[in-house]
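Shown next, in structure tokens, is the structure this report addresses.
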Amino acid sequence: MMPFAVTTQGAQQPAPAPKQFGISSPISLAAPKDTDRELTQKLIETLQPFGVFEEEEELQRRILILQKLNNLVKEWIREISESRNLPQAVIENVGGKIFTFGSYRLGVHTKGADIDALCVAPRHVDRNDFFTSFYDKLKLQEEVKDLRAVEEAFVPVIKLCFDGIEIDILFARLALQTIPEDLDLRDDSLLKNLDIRCIRSLNGCRVTDEILHLVPNIDSFRLTLRAIKLWAKCHNIYSNILGFLGGVSWAMLVARTCQLYPNAIASTLVRKFFLVFSEWEWPNPVLLKEPEERNLNLPVWDPRVNPSDRYHLMPIITPAYPQQNSTYNVSVSTRMVMIEEFKQGLAITHEILLNKAEWSKLFEAPSFFQKYKHYIVLLASAPTEKQHLEWVGLVESKIRILVGSLEKNEFITLAHVNPQSFPAPKETADKEEFRTMWVIGLVLKKPENSEILSIDLTYDIQSFTDTVYRQAINSKMFEMDMKIAAMHLRRKELHQLLPNHVLQKKETHLTESVRLTAVTDSSLLLSIDSENSMTAPSPTGTMKTGPLTGNPQGRNSPALAVMAASVTNIQFPDVSLQHVNPIESSGIALSESIPQIPSQPTISPPPKPTMTRVVSSTHLVNHPSRPSGNTATNIPNPILGV
């Protein structure tokens, strides 16, 4: 028999079909040109001063630290096995291993970045062992500093600093007698008979490994992702907790771009990234592979089955089972901000392609404090550094709830929270207090037939503070003098709280005063001498000085955690998000079509509920809107925890 197929003379063999990455055919298979290579080299040179590449010496140090940690895990598991009288043959091969995930596993970590790690143990080692005997073993290591266990977290973790490198270690116990060296965590069968905490702990590694297996060229993917992550951080849209995207979500968007342009290199992929996602028809989901059902009865993202999934505005679905939406925190405002940034990025990268701009322009930070005319400033304060660290973490995790509430106001088009926090000026120089601020930019909508806009935000701010205080008390975190403050400032007044180098523009204006007067237990009257207002009562506070103004404040709200912030008599500003049409600004026509997901129904965003406001041009009365038929509903008292 002939070893090869016989063909007719002169006949041409059909070209082998290119491998398809992802759920659709690629948009382009074009190979890189010399100009693409030159632009990629320039991109690398531009990235270097930003510290996105780690020195070889530092990389080797990380590898050595992980080897030491891996040896500690093996030694610890062997000791546990011996204490439980396992057969010697099992003890000799019991194994155990440290896996990494996140930016380090993806190969895009920056200088000084921490390492996300997972300790995988066999079935006879449980979570209690991890948080007791392994914790004690780490405590004995002279290289280990700042060791702390967070057992009650959604994903329990041990945090430490190993020889100067911060490491977060999760734990997963597999239903295996031994842990082999070549264990592939992408194997879905490993999830059988695991508790939900182990499944959550495994998820990071499984998603990271799956992403790396789904991109055509890992080197091009990594360089593109480094550029996009830096761009997102420079443009203040890198924060999962505040409703933007986190590292894994950015990685999946870049991976999808790589799938659509499998032969492209970084300079092209960065530009195509902005092209694809500035035109993406949200809320159609971004998928790296077809979702698969494994019959393990684990909850997965599926808007056909789960009604809550239909309300996700910008779904980016993890490729590993059980599939989840990594962007469930995205709000109307954060999506608007990101889409506009995508359009800006497309316009800039086209200028770079035409040699009209350098790569450095892409990484120029926009002037957040010159972009809007109205801002809400949130301030969290605590008397000690340790309390402040916990308090700030809780407040920050709830800011997106406030943003969502502000978005429902008919006169607020957009509420843009800056992910960067700032130290706040001290209330008094001789008082020890730790304070952090966040700033939310507002785009306001002009009312019909009026040049004056009055908005009462009392209920929105009060609901936000109630939520924060209630969770702090229920989790036993709350301490006396933990406070939240809020105030409205115009752009010209930001200098009162922020230094000039942050504002990037020096302005001088008169300070205006604010008075807060509690009228009754069921209403709150704000007498305002300016267009600013703020309060910051602690849920346990009696009469004490306000954190910013020194004005008296007291425990007068039925919720004990009332904070009123309002904007009144605002002249409508000529401010809005800058809309950039990348086609008009670049003078090109987009001929590429962005593939949409077949078989996936378009999900309509939820309708905006109407909010009633009681507003006066001189004062605001706190009558929170309530559902009809529930006029007697009371806000729970956070002190009593009811």
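Cβ coordinates come from backbone N, Cα and C, glycine included.
Under the heading ATP binding site, Swiss-Prot lists Phe101, Gly102, Ser103, Thr110, Asp114, Ile115, Asp116, Asp168, Lys229, Tyr238, Gly247, Val248, citing similarity to another entry as support. Taken from Swiss-Prot, the feature Mg(2+) 1 binding site covers Asp114, Asp116, and the record attributes it to similarity to another entry. The Mg(2+) 2 binding site annotation in Swiss-Prot covers Asp114, Asp116, Asp168. If you look up Swiss-Prot, you'll see Phe154, Lys159, Asn329, Arg400 marked as site 'Interaction with RNA', on the strength of similarity to another entry. Feature annotation from Swiss-Prot assigns region 'Disordered' to 530-553, 620-642. Annotation comment: Swiss-Prot describes 620-636 as compositional bias 'Polar residues'.
Nearest by CA distance to Asp168 (Mg(2+) 2 binding site), out of the recorded positions Phe101, Ser103, Arg400, is Phe101. Most Cβ neighbours within 10 Å among the binding-site residues Asp114, Asp116, Asp168: this distinction goes to Asp116.
The shortest Cα-Cα distance from Asp114 (ATP binding site) to any of the recorded sites (Phe154, Lys159, Asn329, Arg400) is found for Lys159.
In sequence order, Asn329 are the recorded positions from Ser103, Asp116, Phe154, Lys229, Asn329 with a C-alpha within 10 Å of the C-alpha of Arg400 (site 'Interaction with RNA'). For Phe101 (ATP binding site), the count of additional Cβ atoms within 10 Å of its Cβ stands at 24 [all protein chains shown].
The recorded positions in question are Ser103, Asn329, and the one with the fewest Cβ neighbours inside 10 Å is Ser103. Cα separation, Asp116 (ATP binding site) to Phe154 (site 'Interaction with RNA'), rounded: 16 Å. Taking only the Cα positions, the spacing between Lys159 (site 'Interaction with RNA') and Ser103 (ATP binding site) is 17 angstrom. The full span of the recorded ATP binding residues, Phe101, Gly102, Ser103, Thr110, Asp114, Ile115, Asp116, Asp168, Lys229, Tyr238, Gly247, Val248, taken as their largest Cα to Cα distance, is 21 Å.
Taking the recorded positions Phe154, Lys159, Lys229, Gly247 in turn, the residue surrounded by the fewest other Cβ atoms inside 10 Å of its Cβ turns out to be Phe154. Between the CA atoms of Asn329 (site 'Interaction with RNA') and Gly247 (ATP binding site) there is a gap of 14 Å. In this structure the alpha carbons, written CA, of Gly247 (ATP binding site) and Phe154 (site 'Interaction with RNA') are 19 Å apart. Sitting within 8 Å of the Cβ centre of Asp114, Asp116, Asp168, and not among those site residues for Mg(2+) 2, are the Cβ atoms of Gly102, Tyr104, Ile115, Ala117, Lys159, Glu166, Ile167, Ile169.
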